Structure formats: C-alpha cells, structure tokens
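Just below is one structure, and these are the notes that go with it.
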Amino acid sequence: MTELDKDLLETAEELDDAEDALEEEDGLDADEELEEFDPFADLSDDELDALVESQGGVGAELGLVAGDTPEGFRSGFVALVGRPNAGKSTLLNACMGTKVAITSPVAQTTRRRMRAVVDRDEFQLVFVDTPGIHKPKDGLGSELNRSALAELSDVDVVAFLIDASVPIGRGDAWVAERVAASSAVKVLVLTKADKVDQTKMIKQIEEARKLVDFDDVIVVSSTEGFNVEPFIQLVADYLPQGPRWYPKGMDTDTDDATLVAEFVREKVLLRTREEVPHSVGVVCDSFESTSKLVRVHATVYVEREGQKGILIGRKGEMIKHIGTDARHDLERLFGRKVYLELAVRVKQGWRDDVNEIRRMGYAFEE
Ligand SMILES: Nc1nc2c(ncn2[C@@H]2O[C@H](COP(=O)(O)OP(=O)(O)OP(=O)(O)O)[C@@H](O)[C@H]2O)c(=O)[nH]1
C-alpha cells in the first residue's frame, strides 16, 4: 500500500469517526447533514464548471497539476500493447520495480486497464497496461479488445510489444494494423530477449518493421532486467511538455479491493489448467482494514459445476492453496496480516454477458 493509500485510509477512518460522533450528538444521519450544508447545491453544472475554472481547476486545488513543475518538464501516457502473452505486464512490473500487475503464462491474463506512474525530476510517464489485443472469440474477448483499442487513440506513445521468441504471426499482424492507424509515436519493443540469439533477434526486428513504420526500436528482457531503464528513458524522450498528471508517490490507479481480486485470479491461473483459467472471474466483496489487519472476502466465479469442483479440489485442498498463495502476496503488499476468505460460485455464461463483464470490472462504459 502506498503512502497516499495509507493517508487516504486514515482520513477515511477519521471521517467515519467524525460522522459517528455527529450522529450520536444530534441523532442525525451524517450524510443528510452534509447534504444540507452543500454550499454549491444551488449552482447549475455550467456555473459549477465556471467556478472550478476560476479557481485554477480542481486538479490545481488538489495539487494534482503542476504549478511547481520545472521548466521543460515532460509528461504523457504510454500504452503497452501487443498480442496476449507478449510480456506487457511483466515489462510494466519491471519498469515499476515492484509488482503492480499480475502475470501468468496463460494468454489474456490482463483484463483491466491499469495506469502505473513513473515519476522522476524531469518527467512523469504514465504507463497504460492493456489487455492483449486479439481476434475476439466471446463477449469478454470483444470487451477486452475494445478497451485496449480505445487506448490507442488517447496516448502519446504506443509501445508495441512483440515476443522475440515466437515467429511473428497473424496475431501480431492484426495488432499491427490497429497500431499503424494510431497517430501516437510508435516504438517497437522486442521482448524476452533472453530466449533468443542475436541473429534471430535481428530477423525478428526486420519482420516487425514490415508491419508498422516505427519511430524507434528497443530490445528488452524484463525477467533479466535487460534494457528496462533505457526503455523508460527512450519513451520519456518522446513525451510532450506537460504537467504532472498524478500526485508524486502514487504508483497506480488500482484500488485495494481490485488488487485483492487480481492477486486471487493470478493464483487461480497459476494453479489450474485448460479451460478453467479463462472461465474464472474474481470479485472482492468486502475489504476492511485496520492498522494491524486486512480482512477481505472474495468470490471466485466459474461457468460450470465441474469447474467449481476443480477449484475447490479434494477436501477443499485447491482453494486452500490458492488462498494461501494469494494471502502471502497480499501481506507483502499491504504490510499487514491478511485474513482472506474465498467463496466459489457458478455463474453460467458470464463471459458472454456484458453486464456481468462490467460488474466484474473487466470492461468499462466509454
Ligand atoms: N523468459 C522470459 N519470459 C518472459 C519475459 N517477459 C515475460 N515473460 C513471460 O511471458 C509470460 C506472459 O507474460 P505477461 O507479462 O503476463 O504477458 P502479457 O502480454 O501481459 O499477457 P496478457 O495478459 O495475456 O495480455 C509470463 O509467463 C512471463 O513470465 C522475459 O523477458 N523473458
């Protein structure tokens, strides 16, 4: 948990206490009380916008934008795109120096768009991790594609990741067509350099260059830490001048409940096989935190009874292992004891139900 999260948590706890005290004092519901005292309640949306503008914008008020950024400061958004399994989340974690995104050998591990911030004295670079772009086979696939493709039109740099260790195929060409249409700076990132020799690497770069007119090329190995910092510097050089979009010290825009759901899903992906990983969705139902303990309840959804049986395992062994694995990671993340309760439920056909996909947080209304 970041310092910012801790501060927010403390503030939230203080607010809760204050609200309780208020309720006790005069028997009023604190929310009603606050509503009554809203000084802007009578303003129209336009009037409110004008007021915010005249105050230098909400961001300025919150210290989110930089009056204090030095001359020449650069900032911007960089989308990591590529076909499933190209190594996007692993590169993101390497750039951040800590695990912010889950990874696994299962294609389509990433289902959420995540922003992760690299903040330096001279620049602020916001990485946008996207689901692997692929030809969709179901409703979930279509939603994942839609959310990944939407990023291409909204970023300053597109980093197109291609796995150096597998031949370039139709999957890469499909992504390339979409990347080529973006007006952002395009950087080719050859991943998994540790798995191939130089000759193969050069050939792969030649093949990739036939797909897109790249502005730059870099070869990396995220697992070996090779060229990770040079990659950050390379994309930072392409960022336009601009303010800090996020406050210093904020690593990601992912909330704690989402991290819990994602870490549990990663453990399911690592421990199950065949169709089970793709059928799994995880929702964190409750998240309570004190200074000593985090208490969470999450539900693992699958599509069929048989999958539920596999996940629970003989005498509940499988779900117990998944819980233990996830708990270890979460305790490291939150720096506190974690009490994690998991339930397994069947929700038939959820991957073809756009409302369910959104409820689980794997796609967004644009
Ligand atoms: N040897 C090696 N393996 C890597 C490297 N980068 C990623 N991998 C492995 O490749 C697999 C896929 O990596 P991810 O980072 O999950 O790939 P992704 O592009 O985010 O995948 P999706 O979520 O499916 O879109 C994992 O098993 C990683 O450990 C690398 O530099 N070297």
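Quick reminder: no glycine exception, Cβ is built from N, Cα and C everywhere.
Note: TrEMBL annotation is automatic and uncurated.
In TrEMBL, the annotation region 'G2' applies to 108-112, one of the ranges 53-57, 108-112, 288-292, 323-327. Residues 129-132 are the range that TrEMBL records as region 'G3', among 129-132, 197-200, 241-244, 253-256. Checked against ligand 1, the binding-site residues Asn85, Lys88, Thr130, Ile133 give Asn85, Lys88 as the ones with a Cβ under 6 Å from it, listed in sequence order. Its Cβ taken as reference, Ala193 (GTP binding site) is surrounded by 22 other Cβ atoms within 10 Å in the chains shown. There are 29 other CB atoms within 10 A of the CB of Lys88 (GTP binding site), with all protein chains counted. The Cβ of Ile133 (GTP binding site) has Val81, Gly82, Arg83, Asn145, Ala148, Leu149, Trp174, Val175, Arg178 as same-chain neighbours under 8 Å, each 6 or more residues away in sequence.
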